[in-house]
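Asks: Let me give you the structure first, and then I'll get to my questions.
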Amino acid sequence: MKILLANPRGFCAGVDRAISIVERALELYQPPIYVRHEVVHNRFVVEGLKQRGAIFVEELHEVPDNNIVIFSAHGVSQAVRQEAKQRDLTVFDATCPLVTKVHMEVARASRRNMEVVLIGHAGHPEVEGTMGQYSSETGGMYLVETPADVEKLKAIVKDPSDLHYVSQTTLSVDETADVIEELRRVFPDIQGPRKDDICYATQNRQDAVRELAGDVDVMVVVGSKNSSNSTRLKELAEKLGTPGYLTDCPEDIKPEWFEGKTKVGVTAGASAPEELVNQILERIKELVGARSVDEVLGREENMFFEVPKELQIKQVD
């Protein structure tokens, strides 16, 4: 049995930054440090931070007065920011800068009273945060997930000549392209971002799966089930005809995944740490009797996002 390891894989710059913000806050200010929503969608990472004193909550009212709260990498609405300000909470913002870019596009359109279409998955925290940047009372903001949803907008959009679209950053590149194509067919005057909103890490990891899927009999994606970008990697492998499995726990891997197979592909979503990838690899090697892992060459990534200045320098009492 041969095991092929995709590149690039695992942590992106936004996830790295978000985790560093929580770690630095714990180091500088001591526990408890409150985090609104899972800072990144990975059970392994979240459990590790909990053990160090981070407390994860879903709403700000769960954060006691006079405490520190960190906003997750997925971003938050303007209403959440306003609530934190009114309560005078100390806030560190771990929103991914690439998500912030989308927020700025929506806010700009809102100020101009343009209507906005967001391509994304309902209920995802990034979508909730992005929708929450829109405040125009005369315009409107609408969520679509599939090309079929676009047709329904014809009865809702007020001014098709002044319409803008943005997208969730962790979607399937192919699926987003299909929705954009349908938007442009139904609304020929629609405007979009100068550069695709799908983030570089999402694109790169999906490209790596495309390269690898044809060379393996099964694909194991390291990531949690609530991770959008990890789920898209599994779905992409399956779309390309390769059975895919999503896991964030070595014990969940089943021997039958590999029955009758000769080549296993392994990759990891942008919120999955290399430590977990290695644990998964060891489990697969144990199950299939492989001695080594062949790492596939891929696109080099050198993106880096700084943590807030307040967390960069050790503070002296």
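Placement of Cβ uses the backbone N, Cα and C atoms for every residue, glycine included.
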Asks: Which of HIS74, HIS103 shares the dimethylallyl diphosphate site with HIS41, HIS124, SER227, SER228, ASN229, SER271 per Swiss-Prot?
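Replies: Looking through HIS74, HIS103, the residue Swiss-Prot assigns to the dimethylallyl diphosphate site is HIS74.
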Asks: For HIS124 ((2E)-4-hydroxy-3-methylbut-2-enyl diphosphate binding site), list the number of other Cβ atoms lying within 10 Å of its Cβ atom.
Replies: 17
Asks: Same-chain residues six or more away whose CB lies under 8 A from the CB of THR169 ((2E)-4-hydroxy-3-methylbut-2-enyl diphosphate binding site)?
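Replies: Same-chain residues close to THR169 ((2E)-4-hydroxy-3-methylbut-2-enyl diphosphate binding site) (Cβ under 8 Å, separated by 6 or more) are CYS96, LEU98, VAL99, VAL102, GLU126, ASP197, ILE198, CYS199, THR202.
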Asks: Just name the winner among SER227, SER228, SER271 (the binding-site residues) by count of other CB atoms within 10 A of its CB.
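Replies: Output for this query is SER271.
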Asks: Determine, for the [4Fe-4S] cluster site, the additional residues of the same chain whose CB lies within 8 Å of the mean position of the CB atoms of CYS12, CYS96, CYS199; present them in sequence order.
Replies: ALA13, GLY14, VAL15, ALA73, PRO97, LEU98, VAL99, THR169, THR170, TYR200, ALA201, THR202, ALA270
